[in-house]
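**Student:** For reference, the structure I am asking about is given below.
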Amino acid sequence: MKTQFAILLVALVLFQMFAQSEAIFGAIWNGIKSLFGRRALNNDLDLDGLDELFDGEISQADVDFLKELMR
C-alpha cells in the first residue's frame, strides 16, 4: 500500500511538472513568434478580441446568484 501511494505521489509530481513546463514553453514560443514579423505585432495590438469578453446583458439567474452571494 505504501508503494502504491509513493508511486501515485511521484506520478502527480511528474504530471504537474509536465503541465507547468508546457505552459512555460508555450509562453516562450508565443514571445518568440511575436518578435518576428509585422503580423504578430499587428495581432498583439488588435483589441477587437476583447469585445467578446464583455457581455452586457445580465440574466435574472445572474441577478439571483449575486443576491445570494451578497447575503
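Heads up, the Cβ atoms here are built off N, Cα and C, so glycines get one too.
Among the features that Swiss-Prot reports, phenylalanine amide is placed at PHE36, with the record citing experimental evidence. If you look up Swiss-Prot, you'll see 1-23 marked as signal peptide, on the strength of experimental evidence. What Swiss-Prot lists as site 'Important for antibacterial activity, and hemolysis activity' is TRP29.
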**Student:** Sort out the residues at least 6 away from either end of the signal peptide (1-23), same chain, that have Cβ-Cβ distances under 8 Å to it, and list them.
**Tutor:** none
**Student:** For PHE36 (phenylalanine amide) and TRP29 (site 'Important for antibacterial activity, and hemolysis activity'), determine the Cα separation and express it in whole Å.
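**Tutor:** Given the Cα positions, PHE36 (phenylalanine amide) is 11 Å from TRP29 (site 'Important for antibacterial activity, and hemolysis activity').
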**Student:** Can you tell me the three-state DSSP label for the residue listed as 'phenylalanine amide'?
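**Tutor:** It is coil.
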